[in-house]
Every structure is written in C-alpha cells, then in structure tokens.
Amino acid sequence: MTVYNIALIGFGGVNRALAGLIATKNPQWERQLGFQLNIVAVSDLYLGSVISPNGLDPRMLTEANFTKGGFGQLSGGSSEADNETVIKLAPADIVVEATFTNPKDGEPAVSHCRWALQAGKHVVTTNKGPVALAAQELKALAKSRGVRFEYEGAVMSGTPVMRLADKTLAGAEMKGFEGILNGTSNFVLGRMEGGLDFSSAVKEAQALGYAEADPTADVEGHDVRLKVVILANELLGANLKPEDVTCEGISRLSPHDIETAAKENCRWKLIGSAARGVDGIVVGSVAPKRLALEHPLAGVGGATNAVSLNTELLGSVTITGPGAGRVETAYALLSDIVAIHSAQPSKDAKEAA
Ligand SMILES: NC(=O)C1=CN([C@@H]2O[C@H](COP(=O)(O)OP(=O)(O)OC[C@H]3O[C@@H](n4cnc5c(N)ncnc54)[C@H](OP(=O)(O)O)[C@@H]3O)[C@@H](O)[C@H]2O)C=CC1
Ligand SMILES: N[C@@H](CCO)C(=O)O
C-alpha cells in the first residue's frame, strides 16, 4: 500500500476540510486511487505547530476544539507556528500550502513552497499568490529537485480547468478565455438581485467559507486578477503580472444598477478575461459586465464559476463548476495528489529498471 505523508501549512477552512476527508475516505482512496494520506505535521498561525512522524489522527484534529496555541498541548507540538521547521524537517512527502493568499508579493506562501521544494518535497497548493507571482521559479525548482508543484485549486476551486486545458484540450490552440472566476462576488451579486444589501451578502459568503481572509480581494476584483494572470500564463503561454491586468470590482454597483439590469432582462457579472491579439500580445482584464440573460455566463449563479475557452480548432468550450467552498477546494488538493501519484513510476517499472 502507498501512504503519502503530508504536512498541512495553514489549518483554516480548506486544510481542515482535507483532514475531514482523510478521516473518512482513506479506505476508499486506497481501493480506488491506490494510496492513503497520513498527516505527519500541521502548522497554523493561530493554533501553533505539531510534528508527529507516526501520524496525527485527522478526526482528533478536526473535532478537538483547539484554542489559540492549542497544538502546544499535543506530543511534538508547539504553541507557535514554526512553518520553516515543519516544512523542512517534518517527514512529509507532500507539503499542502493553504495559508492566506497575499495578492501583493505572495508571501509567506512563496517561501513555504520554496522551502518545501528545496527540501525535495512535492507541493500542492490552493494559494493563488505563489502561482500568480512565482510560478516560473517554483516550477523550475520543482523540476530541478525531481518533485512536483501542483495548483489546480488556485483557479475555480475543485473544477479542473487547468488540467482540462492542458491535457484534454492539448492541440486545440487556445486563443483566449472569459469567465466568472470569483465565487464570492458571484454569490454576492445573486443575493443582491434577491434584495439583500451588499455587506450582508458579503457576510453570508464569509460564513459559507467562500471569501478571502480579506474579502476586499473578492469584491474589488483583485482575486480574479490573480486568476486571469494564472490562466493567461498557463493556457496562453503569456508572462503577465497582476499590474498588467486592468481591474475593477463589483463594489460600485448599486442596488439600482442591479434592479435596472433585471428589468431589462440583463444581469451583472464580474468577468475576467484574456486574449492574444493579432500582434501576439496577451491582454487581460477584470470588470463587471452587464450580460443579456441569453449569454452563456448569465445563468451561472451562487459560488459557481464558469469559463469559456476560445480555441482555434473547437471554437468555444465552456466549463462550469464550483468556484469556492471548503470541501470543493480540498478536492482540488486531492486531485493534485492524484496527479503526483499517477506520475510516480509504477512498482513494475521500478523493478524492471
Ligand atoms: N475557501 C475557498 O473556497 C478557496 C480558497 N482558496 C485559497 O486557499 C487558501 C486557504 O483558504 P481557506 O482555508 O479558505 O482560508 P482560511 O483563512 O480559512 O485559512 C487559512 C489559514 O491559514 C492560517 N495562516 C495564515 N497565515 C499563516 C502563516 N503565515 N502560517 C501558518 N498559517 C497561516 C490562518 O490563520 P489565521 O486565521 O490565524 O490567520 C488560517 O487558519 C487561501 O490562499 C485561499 O485564497 C482557493 C480556492 C478556494
Ligand atoms: N475567495 C475566492 C476563493 C476561490 O479562489 C472566491 O470566492 O472565488
């Protein structure tokens, strides 16, 4: 049986959901996917850190009501979040980075990924900072150490847009994309259409685990801007930085704007897009757009995301699915680990070699 030892960096909504899945689904994963996951370390700003080479009980981690510094009570624990020690010294095969997304410089998550890869550990992350701001460096580092840097959850949560584009649509010649790439703002717009005020709708999105630690990133478009950068660089081979992408969020839309659109059979959506121009240059933008109800993106509601990929050989291909949510995003981490597992040489191949 293959067991991957994992270290969780950040123990908020997403990594806690992953621990919850491990608590119940390991036997099923062993049967269906060929591996189990064993949590050997956790580090969190609020709870502290713990290293346990034999593994921590995932049920205990999710169900114990730890207070500030609570990991200090555990064997091998400390009330401080010593991320660097955990990442470098815990006996983990895979480091799971799910701390907050820092849209300015990606830190401290970029350093977390760098330390892990330098130590020869795979990294899976849902954090948009390292992917939007340091992907080239981190991919090169992973390659040089013979490990993987995987980040499907950085765009559209567990909905596999990057693997779809990279693997299934290989050769279709991507020309551009446009989509709804932020669950929180889409949820908020929908609730405002139903008559709720802006700040109450944002609070609901926070309670449901969709919003960023600072929801300004969601409603001002900064989160979508990072996702446009990631998709443009991954799908269109661009080399965009966030400041290259124009950005406007939804906070200036008034209840009157939303009501007027509805009366005229339209709906406001926050759209992130990028396309390669005739000069070969990729240009990206984030802006609220008033879409007619017949538009393919107009019917996408709640925290659901959708992106239409514009290809040379197939025309437009639209993928839709969850864009946020704790379990949905934890699934993205699992899908990254499946990708790592699938890339490992099989036992037979190793024996033959
Ligand atoms: N939730 C979602 O739907 C999705 C989230 N993501 C991304 O996944 C990541 C995790 O999201 P989510 O779990 O919802 O966020 P949370 O805010 O719920 O969890 C983040 C956790 O990381 C901790 N943390 C922050 N900084 C550090 C640090 N320097 N060292 C150790 N721990 C730290 C936080 O502690 P404290 O609370 O004390 O600050 C918190 O417990 C984010 O980058 C987010 O953008 C991506 C796709 C979807
Ligand atoms: N806060 C983000 C999480 C997913 O990246 C959203 O609402 O889409």
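Going from the start of the chain as shown, residues are counted 1 onward.
Including glycine, each Cβ sits where the backbone N, Cα and C put it.
Here is what TrEMBL says about this protein:
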type: DOMAIN; residues: 77-152; note: domain 'Aspartate/homoserine dehydrogenase NAD-binding'
type: BINDING; residues: K128; note: NADPH binding site
type: DOMAIN; residues: 160-338; note: domain 'Homoserine dehydrogenase catalytic'
type: BINDING; residues: E212; note: L-homoserine binding site
type: ACT_SITE; residues: K227; note: active site, proton donor
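Over all protein chains present, the Cβ of the residue listed as 'active site, proton donor' has 26 other Cβ atoms lying within 10 Å. Sorting the domain 'Aspartate/homoserine dehydrogenase NAD-binding' (77-152) by DSSP state (H, G, I as helix; E, B as strand; all else coil) yields 36 helix, 12 strand, 28 coil.
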